[in-house]
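Some notes on the structure that comes next.
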Amino acid sequence: MAMTRKFPGPSKLLGSPFAWLFALFSVAVAVWMLLTSLKSTRAIFAEPWSLPTTPQWDNYARAWTASDFAGATLNTVILVFGTAVATIALSAPAAYALSRILTRWNSGITAFFALGLGIPSQVIILPLYVMMNELYLVDSLTGLWILYVATSMPFTVFFLTGFFGSLPKELEEAAALDGASANRTFWQIMLPLARSGIITAMILNIIQHWGETLFGLVFLQSEEKATLSLALLGFLQRMQYNGADWGGLFAGVCTVVLPVLACYIWLGRRIIEGMTLGSVK
Amino acid sequence: MTATAVRETEPAQRQPAVPAAQSSPLARGRKRLFWPFIAPALVLYVVFYILPTLATAWISLNKWAGAGPMEFAGLDNYRRLLLDPVFQGSFANTLTILFAVGGATFALSFLLTMILRDMAGRKAVRAIIFFPNIISGIVLSILWGFLFQAEGVVNQALRTFGMDNPPNWLGTENLFSVIMIGLVWVQTGFFTTILMAAVDRIPKDLYEVCDLEGANAWQRFRHVTLPLMWDVVGVCAVLWSISAIKIFEFIYAFAGAAGQLPPTKVWNTALYAYAEAFASGVPKYGSAAATGMVMLALVGVLVVLLRRMFRRDTVQF
C-alpha cells in the first residue's frame, strides 16, 4: 500500500475523527455537567441540551449551605494537604536512603514496599477498623489522616526512590567534600534538587485523596466530619426522601471536579507523566 | 485513581556498592542515617499494611462479628463463599470486568495509540481522554448514571434518532453493561497515554523501512510496533489487573437509585467484601476477610501469570 503516503488511507480518514469524537465526548460531559449545575431540576429534564435561561446560582447556595458542602470542602482541603505534607516528610528520607545509601538491605526493602502496591484496600480495611476502634480513632479526621498517610507509603516511597536514583551524584559528593554532614546534605542539597519529583508526588497524592471514598465511608460517621465524596453520597441519599434536586447535586459535583480541573489545566503534563512515565522507563 | 508505576528494576540495584567507599568516614556517616531515614516510613507501612494483611488472613479462618470472641472455623468461610450465589455472581463480575472491560480497553487503547501516533492535535486529545482518570469514582458514577436516566441525555438522543422505546439502562438487567461501558470510557485514556509513550520511543526509521517494503498498517503494527512495546504492554496488563480488582466507587455509587447498596447483580468482590463487613445486619468479618484473601490471591495469580506470559527477551533498539 504505497498509496498511503500520497493519499490519506482509510484508517487515517476514519481514525482522526474517531479519536476526536472520543475526546469530544468527555468534553461534552464536562460542559454539560457545568450547565446542569446552573439549571432548575425541571429545565434539566425538559431541555437537557439548552443553555440555562437564567443561571440558578441558588443550586450552589443550596449545596453549600443546606447540604454543607462548605464544611466538607474545608475538611477535605485540610485532610488532603495534611496527608500530602506528612506523606512526603516521611517518604522522602526513606526514598533517599533507599536510592543513595547502599547497604545490603536496599533492594529487599524497595521490593517490600512495592509489594504494597498489589494489596487491595479491601484486604487491610477490617483489621484497620478494629485497630482504629481500639484507639478511639474511628469517626475522627485525625484517624483518617493517619490512615491516608500510612497507605500512601508504598506508592510514594516507590515513586520517589526512582526519582532520587535519577539525580546526579556530583553535587552530593561535592557537599560531602566541603564537610557537610550526610544529614545536612540531604536537607540542603538533595531535597531542593528533588523538588520537581517531590511536587509531582504531592500532586498525585492530593488528587488521589481528594475523591477518596472507601476509607472515608468506613471510618467516618458523623455528618460534620464528612469529606467531599461522602457529602455527595449523602446528598444522593437525601434525594430519595426530599425529592430529586439534580441541580443541587450537580452543583456539588462541580464543587468536587472544578478544583481538580483547574489543577489539571495548570499542571496537566506533570500529572500525566507522574502517573504513567514509570511504566515505560 | 490508583495508578502505580511499576519499574522493572529497582533503582537501588543499579549502583553496586563500591567496597572502597564503604570504609571511608563519609560513607560510614551516611550509613548511620540509613535506618533513621527509613524507619518511620517502614514502621508505618508494616503496621498499617503488612500486619493488617496477615491479620485478615487469620480472621478469614474464624467466625467473628468484629467484637467479642472469635471462633476458629477453619475453611468454613471459604466454603460458605463458594456456595453463596451472591458471591459467585460477584466473583463472575470481577472476572468479567478483568477480561471483558480489560479486553475492550486494551483494544481501544491500541487503536487510539495507532491513530494518535501521527495525528495533528495528539497532545490535546491525550490530555482530554486522560482527564477522567483523576476524577473521583463517585463523581464519574453520578455523571455516568445520570446520562442513562430514563429521561436522560442518552435516551433523548436515541428518541431523536427514532427509537421510541429506549432500553431501561439502569434496570438490573442492563446496569452492569452500563457500568462496564463506563469503565472502558474512564480507563482508556490512561492506557492510551502509556502506550503512546512506548510507541514514541520506537525509532522512526523502522517505519520508513516498512514503507519501503510496502507493509500495510496491520503488518506495521504486528511486526514492528507490537514487538517493540511488548514489555510495556506487560506492565499495563499488570497495572490493569491490580486496579480492576479494586474497583469499588464507580459501582457503589449506583446505589443512589436504590438505597444503601446497588443491586447484588452488579456487585464485584470488592463490593461483596464491603457489604459483608459494614453493610449487613451482623458484621460478618470472617467471610469479608475471606473475600479479601480471594481478591489478594487473584492479584497474585494474575501478576505471576502475566509476568510469565510477557517474559520474553526484550528487543533492544
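Using N, Cα and C of the backbone, Cβ positions are placed for all residues, glycine too.
What TrEMBL lists as transmembrane segment is A:12-35 (among others). Long-range contacts of the transmembrane segment (A:12-35) within the same chain, counting only residues at least 6 positions beyond its ends with a Cβ under 8 Å from a Cβ of the stretch, are 4, 48, 51-52, 250, 253-254, 257, 261.
Residues or ranges marked as domain 'ABC transmembrane type-1' by TrEMBL: A:73-267.
Annotation comment: TrEMBL describes A:77-98 (among others) as transmembrane segment.
Residues or ranges marked as transmembrane segment in TrEMBL: A:110-132 (among others). Through the fold, the transmembrane segment (A:110-132) approaches residues 98, 138, 143, 147, 151, 153-155, 157-158, 161, 214-215, 218-219 of its own chain, all at least 6 residues removed from its boundaries and within a Cβ separation under 8 Å.
Summarising the annotation, TrEMBL assigns transmembrane segment to A:144-165 (among others).
Residues or ranges marked as transmembrane segment by TrEMBL: A:186-207 (among others).
Per TrEMBL, the feature transmembrane segment maps to A:246-267 (among others).
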Do any residues of this chain, six or more beyond the ends of the transmembrane segment (A:144-165), have a C-beta under 8 angstroms from a C-beta of it, and if so which? 79, 82-83, 86-88, 90-92, 94-96, 98-100, 110, 113-117, 121, 124, 128, 132, 137, 190, 194, 197-198, 200-201, 204-205, 208-209, 212, 215-216, 219-220, 227, 274, 278, 281
